[in-house]
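Colleague: So that we are looking at the same thing, I have put the structure below in structure tokens.
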Amino acid sequence: LAMLNQTEVSEFILLGLTDVQGLQRFFFISFLLLYSTSLLGNGAIVAMVISEPRLHTPMYFFLGNLSCLDIFFSTVTVPKMLTGLLFGHQPISLRGCLAQLHFFHFLGSTEVLLLAIMAYDRYVAICNPLRYTLVMSPRTCLLLAVASWSIGFVHAMMHSVMTSQLRFCGHNHIHHFCCDIKPLLNLACSSTSLNMTLLNVVTTSIALGPFTLIVLSYLYIISFVFQKVRSKEGRWKLFSTCASHLTIVALLYIPVLFNYTPPSSGGFPKRDVQVSLMYSAITPALNPLVYTLRNQEVRSALKKALGRKL
């Protein structure tokens, strides 16, 4: 399928996860289950946060945003990947590819920013409880959420515009289940140094900036708890309110830092695919589980909602 050097490529072939048939079936069933879990779990959290007045607090407002993001984020890549596992290599048009790349980075970077805001929210709740309602007023929460969605959108826009300027000729096979930046840059015939700089500078700052904020928030929380809270139970209670958020930060950040922090070169396509799988299919399915299993308020709201339905 390699085309002549002169011709422009108008579509790509996504090679997906594997060519081994037995594995394809196994992956299809596994990822279909994960995707369904992600849709149902995150959908339930969004519905609960909207319908349950007790959950109308900053923490749950951001959690609702996060669940919304997870639904969209897994939908950007997983359905296409599932069709690939069922029917073999998937063609995708250049436009479709750019759209997928845009939404993948838009939702991904928004999620990273939201996690930083949630860490700040925990910091204010624990270290400044008396000023909490003042600092995290509904207006502030809304502004912070809008800011994270907007920054995510602009960041993705930079990538999709820059990638759309590239020329593609010759090979059109993408060794991935979705259109991500690095696999596309490997196929370009024109210079990709600007794109690489954007990836190394801007995307790395979008990943590391919020990460630094999260680490700082937790350092403050830990030192506050050890200085001010004398009882073991009190400490334990405060730490357990942060446990769900920390788990999700770890699930998202470990693979993201692996994939997008420099030096970004062509590198290891196989590893990139496995890491992308982690945060586009597995993490969104685990988020609602982490929050519902660890969280008393969410559990009781869920029971109440189910009780109403039954």
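Placed from the backbone N, Cα and C atoms, the Cβ positions cover glycine too.
Whatever TrEMBL says is automated annotation, not expert-curated.
Quick paste from TrEMBL:
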- 41-291: domain 'G-protein coupled receptors family 1 profile' (DOMAIN)
- 26-50: transmembrane segment (TRANSMEM)
- 62-82: transmembrane segment (TRANSMEM)
- 102-120: transmembrane segment (TRANSMEM)
- 141-158: transmembrane segment (TRANSMEM)
- 206-226: transmembrane segment (TRANSMEM)
- 238-256: transmembrane segment (TRANSMEM)
- 276-293: transmembrane segment (TRANSMEM)
Colleague: Thinking of Cβ pairs under 8 Å, which stretch from 26-50, 102-120, 206-226, 238-256 has the most of them with the transmembrane segment (276-293)?
Modeller: 26-50
Colleague: By a Cβ-Cβ criterion of under 8 Å, what residues six or more beyond either terminus of the transmembrane segment (206-226) are in contact with it?
Modeller: 109, 112-113, 115-116, 119-120, 122-123, 126-127, 151, 155, 235, 238-239, 242, 246, 249, 253, 256-257, 260-261
